[in-house]
Amino acid sequence: MHEAQIRVAIAGAGGRMGRQLIQAAMAMEGVQLGAALEREGSSLLGSDAGELAGAGKSGVIVQSSLEAVKDDFDVFIDFTRPEGTLTHLAFCRQHGKGMVIGTTGFDDAGKQAIREASQEIAIVFAANFSVGVNVMLKLLEKAAKVMGDYSDIEIIEAHHRHKVDAPSGTALAMGEAIAGALDKNLKDCAVYSREGYTGERVPGTIGFATVRAGDIVGEHTAMFADIGERVEITHKASSRMTFANGALRSALWLKTKKNGLFDMRDVLGLDVL
């Protein structure tokens with residue numbers, strides 16, 4: 001067994017992403033699976049987390065109480081729902097635990113709670129933990145600065161039928177990257193739906209389109225369209241393991257941080273490019 005540099009706890013251990021995170025934690029050099037959590041009353045409580053994830057016996061039992069495992073982890077990884085994540089955030093803030101947050105769908109109050117907690121603990125909060133997606137966000141900033149003022153900009157995203165929020169957190173991050181590069185606020189220029197007689201496209205807006213179907217892991221395209229040409233920048237994920245590995249990489253990166261709010265671009269050093 002490799003020597004652990006960081007011990008992690010995984011929220012939502014029985015979910016699609018939770019199982020991928022457990023597999024990644026058990027396989028990644030420098031990481032130790034310290035705890036796995038499920039909601040109270042879950043039929044999965046008492047299971048071996050590794051066996052649950054199809055990764056072999058881990059010796060870590062799935063539990064519902066953070067209090068019971070507070071001494072077993074350094075960083076808490078959460079890809080669940082906003083209400084649950086905020087409960088976990090309060091606990092980690094109280095006990096000085098770092099967090100990696102991949103949950104999407106937070107309202108403004110939830111985002112503010114994360115910002116406030118980051119004054120005391122270190123948090124990596126990102127809409128997407130894929131290396132490729134975060135490289136794409138950097139490319140979008142550069143494309144927007146060159147083409148954004150004279151292009152019609154549309155963002156199209158597709159996910160599996162079980163995803164509960166729309167647009168996806170990644171699509172919103174794409175919009176924010178583009179809007180920021182154009183010195184705009186996404187709230188002021190986003191168009192999230194079109195139906196019926198809409199009139200002509202309003203110049204300077206950023207449109208969003210959402211697809212929910214089948215088992216699509218995640219596809220995102222940003223379109224910069226002008227008369228006679230268009231540029232499309234696309235990312236397609238074929239496995240959730242890319243997100244899981246990015247989250248574990250973030251947990252390792254957090255080991256030297258006392259407090260602060262970071263995203264994957266900080267982890268990858270993309271802001272220096």
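Heads up, the Cβ atoms here are built off N, Cα and C, so glycines get one too.
According to Swiss-Prot:
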ACT_SITE  His159  active site, proton donor/acceptor
ACT_SITE  Lys163  active site, proton donor
BINDING   Gly12, Ala13, Gly14, Gly15, Arg16, Met17, Glu38, Gly102, Thr103, Thr104, Ala126, Ala127, Asn128, Phe129  NAD(+) binding site
BINDING   Arg39  NADP(+) binding site
BINDING   His160, Gly169, Thr170  (S)-2,3,4,5-tetrahydrodipicolinate binding site
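A map of Swiss-Prot features onto the structure.
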| residue | record | contacts (Cβ under 8 Å, 6+ apart) |
| --- | --- | --- |
| Gly12 | NAD(+) binding site | Gly18, Leu37, Glu38, Asp78, Phe79, Thr80, Gly84 |
| Gly14 | NAD(+) binding site | Glu38, Ser42, Leu44, Ser47, Leu52, Val62 |
| Thr103 | NAD(+) binding site | Asp78, Phe79, Thr80, Arg81, Pro82, Gly84, Thr85 |
| Ala126 | NAD(+) binding site | Ile101, Gly102, Asn134, Ala173, Ser250, Asp263, Met264 |
| Asn128 | NAD(+) binding site | Gly102, Asn134, Gly169, Thr170, Ala173, Gly218, Phe243, Gly246, Met264 |
| His159 | active site, proton donor/acceptor | Ser168, Val211, Arg212, Ile216, Val217, Gly218, Glu219 |
| Lys163 | active site, proton donor | Arg212 |
Handout entry: Shell of the (S)-2,3,4,5-tetrahydrodipicolinate site beyond His160, Gly169, Thr170, same chain only (C-beta within 8 angstroms of their C-beta centre)
Key = Thr104, Ala127, Asn128, Glu157, His159, Lys163, Asp165, Ser168, Ala171, Gly218, His220
Exercise for the section: Between Arg39 (NADP(+) binding site) and Arg16 (NAD(+) binding site), find the distance joining the two CA atoms and give it rounded to the nearest Å. Expected result: 15
Exercise for the section: Would you count the other CB atoms within 10 A of the CB of His160 ((S)-2,3,4,5-tetrahydrodipicolinate binding site), including those on all shown protein chains? Expected result: 13
Problem - Cα distance (Å, whole number) from Arg16 (NAD(+) binding site) to His160 ((S)-2,3,4,5-tetrahydrodipicolinate binding site) - result: 12
Handout entry: Number of other Cβ atoms within 10 Å of the Cβ of the residue listed as 'NADP(+) binding site' across all protein chains
Key = 14
Fill in the blank from the handout: Other C-beta atoms within 10 angstroms of the C-beta of Gly169 ((S)-2,3,4,5-tetrahydrodipicolinate binding site) total 17
Exercise for the section: Show which residues of the chain containing Arg16 (NAD(+) binding site), separated from it by at least 6 in sequence, have their CB under 8 Å from its CB. Expected result: Arg240
Fill in the blank from the handout: Between the two most distant Cα atoms of the NAD(+)-binding residues Gly12, Ala13, Gly14, Gly15, Arg16, Met17, Glu38, Gly102, Thr103, Thr104, Ala126, Ala127, Asn128, Phe129, the distance in Å is 22
